[in-house]
Amino acid sequence: MAEGAVVEGLKLEQRHGKERVRVGRVWRDVDGTHHFVEWNVSIRLLSDCIPAYVTGDNSNIVATDTMKNTVYVKAKECSERIPVEVFAIKLANHFSTFYHPVTTAIVNIAEKQWERVSVDGQSHKHGFKLGSEEHTTEVVVKKCGALQVASGIGKLKLLKTTQSGFEGFIRDKYTMLPDTQERLLGTEVTASWRYAFDSLENIPVQPLYFFNSYTGVKKVLVDTFFGTPKMGVYSPSVQYTLYEMAKAVLGRFHDLSSVDLKMPNIHFLPVNLSSKDNPVIVKACEETEQLVLDSCCEKQS
C-alpha cells in the first residue's frame, strides 16, 4: 500500500518519525582550532506501512530508535565541517534510499548559533557563546531523487528607535491608535528561502555554498531593515518593510525560487505618568499582543 490508501471506506494518509534529536558535533583543525555545532533534528518518513495501522503488521516500519541512532552515526561520519543543509540532505537521502518501504524523507534541523568568543581581542580556539537566532533547514528527498531544500533564520530580533511610522489606516469607532510618523519598530524575524535546484544531481558543488548563502541572505535582510548607518531608511509599516526585505533577497540571490517572512510587530508604546516632581514622565513598555504578518514572494518563471 502507498502512504495514502482507502481501507474499509476510509482514506488513510500517514507519516511517522522522530523529533527533538539533539546533536553536538566538534571538528578539530590541525592547529588546535575547534568548530562546534548543535543541531535539533526532526525526521518524518512517508512509507508503505498502512498495514501497521490497520492490521498491526509492523514489518515495514522504521523504528524511531533507529532514526535517532542513525542521526548520531551519520553526524559522526562527517569527518569534515559541513553546513546543516548538507547534513539534512545526507540524512534524508539515506532514509529514502536505504529503506525500501520509504518513499519520501523529510528532515528539519534547527542549528543554534554558537559563536566563537574573543579574549583580549583574540579569537578563542575552543570557546563559544550562544547567540539568539537559529539557522534552520528543511530537506525533502523522494526515492526517485527529487529534492527540495529550504534554509531559514528564526528568532532574529531587530529594533530601530526611529525612522518608522504608521498612518492612514482604516479608522472607526473601535480605533484608538493615533497616526504617527515617529515610533520604535521592533520585530522577531522568521525567514525561510527555497533553493531553485530540484534534484540531488543539481546540488551546487562549492564547499561553502550553503554557508555563504545563509550569511548573505541574513545580511540582506538586516541591511534592508535598518538602511544606511547614518541615515537609516523610513518604514511606513511593517508590511512595507517586510516586502522590501523579501524583494531584496530575491533580487540579490538568483538561485532562490522563493522567500517567506514572518515578522510579528513588537510594540513599544509611550506611557504618560505624572508625579509631584515630574508632571509628565514618558516611558516605553512592550505590548504583549503580537500580530503575525506573513508574506511570500515567488519568482515568476
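A Cβ is built for glycine as well, from the same backbone N, Cα and C atoms used for every other residue.
Positions annotated as active site, charge relay system by TrEMBL: Lys18, Thr64, His267. Marked as 5-hydroxyisourate binding site by TrEMBL: Thr64, Asp65, Phe166, Arg183, Val238, Gln239, Asn265. Residues or ranges marked as O2 binding site in TrEMBL: Thr64, Asn265. The urate binding site annotation in TrEMBL covers Thr64, Asp65, Phe166, Arg183, Val238, Gln239, Asn265.
In terms of Cα spacing, the recorded positions Thr64, Asp65, Gln239, Asn265, His267 that come within 10 Å of Lys18 (active site, charge relay system) are Thr64, Asp65. Residue pair Arg183 (5-hydroxyisourate binding site) / Thr64 (active site, charge relay system) shows a Cα separation of 50 Å.
Applying an 8 A CB threshold to same-chain residues 6+ apart, the list for Thr64 (active site, charge relay system) reads His16, Gly17, Lys18. The binding residues for urate are recorded as Thr64, Asp65, Phe166, Arg183, Val238, Gln239, Asn265; their greatest pairwise CA distance is 52 Å.
Ranking the binding-site residues Gln239, Asn265 by C-beta neighbours within 10 Å puts Asn265 at the top. Cα spacing between Asp65 (5-hydroxyisourate binding site) and His267 (active site, charge relay system): 44 Å, rounded to the nearest whole number. A sphere of 10 angstroms centred on the C-beta of Asp65 (5-hydroxyisourate binding site) encloses 9 other C-beta atoms. A gap of 12 Å separates the Cα atoms of Phe166 (5-hydroxyisourate binding site) and His267 (active site, charge relay system). Over all protein chains present, the Cβ of Phe166 (5-hydroxyisourate binding site) has 19 other Cβ atoms lying within 10 Å.
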